[in-house]
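Asker: So TrEMBL says this about it:
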DOMAIN    148-486  domain 'RCC1-like'
REPEAT    164-215  repeat 'RCC1'
REPEAT    216-269  repeat 'RCC1'
REPEAT    270-322  repeat 'RCC1'
REPEAT    326-379  repeat 'RCC1'
REPEAT    380-431  repeat 'RCC1'
REPEAT    432-503  repeat 'RCC1'
REPEAT    504-539  repeat 'RCC1'
Amino acid sequence: MDATTSGTPTLQYHNITDQSITDIVSASVPSFERNQRHCFGDLIPGEFPLAANPSIVLHVLTACNMDPQDLSKLEATCSFFRQPANFPPDFELSISELAALDMCQKRAIFKPMTPEERQGLKERCGGSWKLVLRFLLAGETCCRREKSQAIAGPGHSIAVTLKGVVYSFGSNSSGQLGHGSTEEEWRPRQIRSLQGIRIIQAAAGPGRTMLISDAGQVYAFGKDSFGEAEYGVQGTKLATTPHLVESLKNIFVVQAAIGNFFTAVLSREGRVYTFSWGNDGKLGHSTEPNDVEPRPLLGALENIPVVQIAAGYCYLLALACQPSGMSVYSVGCGLGGKLGHGSRTDEKYPRLIEQFQILNLQPVVVAAGAWHAAVVGRDGRVCTWGWGRYGCLGHGNEECESTPKVVEALINVKAVHVATGDYTTFVVSDDGDVYSFGCGESASLGHNAAAIADAADGQGNRHANVLSPQLVTSLKEVNERVVQISLTNSIYWNAHTFALTESGKLYAFGAGDKGQLGIELVNNQTERGNPERVDIDLS
């Protein structure tokens with residue numbers, strides 16, 4: 001058990017001496033005896049055989065990285081796991097709770113927390129270290145925390161390596177690449193001013209970029225304004241190199257999400273903060289339109305920890321972690337039914353999407369496109385809802401859905417990841433296969449000409465819209481498991497798409513007129529229809 005780097009006292013393993021297995025066996029069991037397996041003590045059924053030395057049990061539970069649900073099941077089925085273990089740092093904690101605490105102490109965002117902050121997180125999660133562990137693991141799963149990632153922003157791109165080094169390329173009219181200039185970059189270029197700072201998460205919006213460090217600090221560059229039209233309008237001033245966002249320095253941030261007229265950040269305790277986005281759409285707080293201070297999102301999520309946020313054109317989704325299970329809340333503009341409540345009504349405060357309970361689906365990943373949204377369930381099912389234009393919902397038509405609906409065409413696929421853009425959706429299965437559907441403009445779906453037949457003339461057309469999920473066969477040809485898809489989420493920019501493989505290779509396709517693919521285009525090309533390797537290693 002690795003507790004040496006934790007900020008709390010290490011758990012003590014009593015009565016475990018540094019001996020080889022041979023020494024232990026030869027000292028305790030004579031070679032001429034044949035022992036039989038039996039219950040410990042007076043042979044009372046159900047009594048645990050290792051009760052005399054619970055340190056061994058604790059070590060096994062932690063070393064195996066047991067799931068919090070399994071730890072709960074152990075407590076429910078055996079009294080040994082419920083009784084106090086008499087170990088520091090809390091002698092009243094059970095073996096299962098101690099194992100969960102020790103696994104929490106391995107998590108990057110938990111390590112630097114003070115004892116008071118840890119206790120506060122425990123109470124916020126429901127009063128159990130098992131629930132805290134579930135909260136931390138859920139955040140790592142849906143946000144690729146501590147892992148490499150690529151972000152296909154509106155006209156520009158951000159890539160973060162496993163070690164936290166950041167590269168940027170593409171459009172740079174507002175300094176959103178962070179290189180100290182406003183010149184375009186057609187090849188990935190490292191942001192040198194961030195040397196010595198490990199970045200763990202990135203967000204890209206129209207003309208602006210935000211980066212999150214492992215210390216919870218937020219760096220921003222590009223436009224300084226979040227309350228204007230997305231295209232063709234500059235902020236009051238530009239920042240061409242990353243600068244620390246002073247208003248967030250007292251909040252340990254783990255994720256940022258940029259919408260069209262707003263920005264949201266998520267703290268490590270699971271609190272959501274938003275920047276004001278205009279007169280008619282104040283997001284959960286009453287402030288003036290020019291207020292650029294982060295304000296906590298009020299309403300239903302004030303006392304519920306959130307593990308992931310996703311921003312669409314004018315709305316926000318939040319994946320929440322409650323003792324009863326995972327749930328999704330939405331707030332903002334309800335046009336097209338994208339809030340998932342069965343209506344097109346705007347919501348100024350977060351509201352629970354109840355449909356997932358009806359579907360008996362536990363959400364684990366949420367994605368917010370410009371006008372539609374998607375969720376992956378723990379069982380691998382995919383739900384979509386919102387505006388169905390161009391077939392982006394994958395239901396075989398272009399109809400709107402005002403509540404989450406299971407994509408039946410993917411019922412035999414176990415999904416683990418979903419990404420949404422402007423009327424475009426990608427799904428990644430547990431075996432690394434990729435499916436896409438929706439708007440085929442800019443060839444951002446990744447389907448080559450032979451894979452799609454245009455309904456009008458029967459000829460191959462890589463720009464054709466796809467109404468139902470279709471396997472992206474061009475990504476099968478890379479012969480590697482895809483772990484992340486990112487695509488442009490903007491109504492004003494031609495879309496491009498990134499596919500990141502398990503080994504850290506990055507492939508790009510779609511629009512590349514500003515260099516956002518990280519690939520040199522020739523012969524007046526403006527896009528790439530098939531995935532092409534970007535010259536950068538994110539491992």
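Our numbering is plain: 1 for the first residue shown, then up by one each step along the chain.
Even glycines carry a Cβ here, placed using N, Cα and C.
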Asker: When you scan the chain for residues with a C-beta under 8 Å from the repeat 'RCC1' (504-539), skipping those not six or more beyond its ends, what do you find?
Answerer: 148-150, 152-153, 155-157, 159-162, 167, 169-171, 184-188, 442-444, 446, 448-449, 462, 474-475, 477-478, 480, 487-488, 493-498
Asker: Per DSSP, what is the residue tally for the repeat 'RCC1' (380-431) in helix, strand and coil?
Answerer: 6 helix, 23 strand, 23 coil
Asker: Please work out the mean pLDDT for the residues of the repeat 'RCC1' (270-322).
Answerer: 81
Asker: Across the repeat 'RCC1' (326-379), what are the DSSP residue counts per state (helix, strand, coil)?
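Answerer: Reading the DSSP string over the repeat 'RCC1' (326-379) gives 7 helix, 25 strand, 22 coil.
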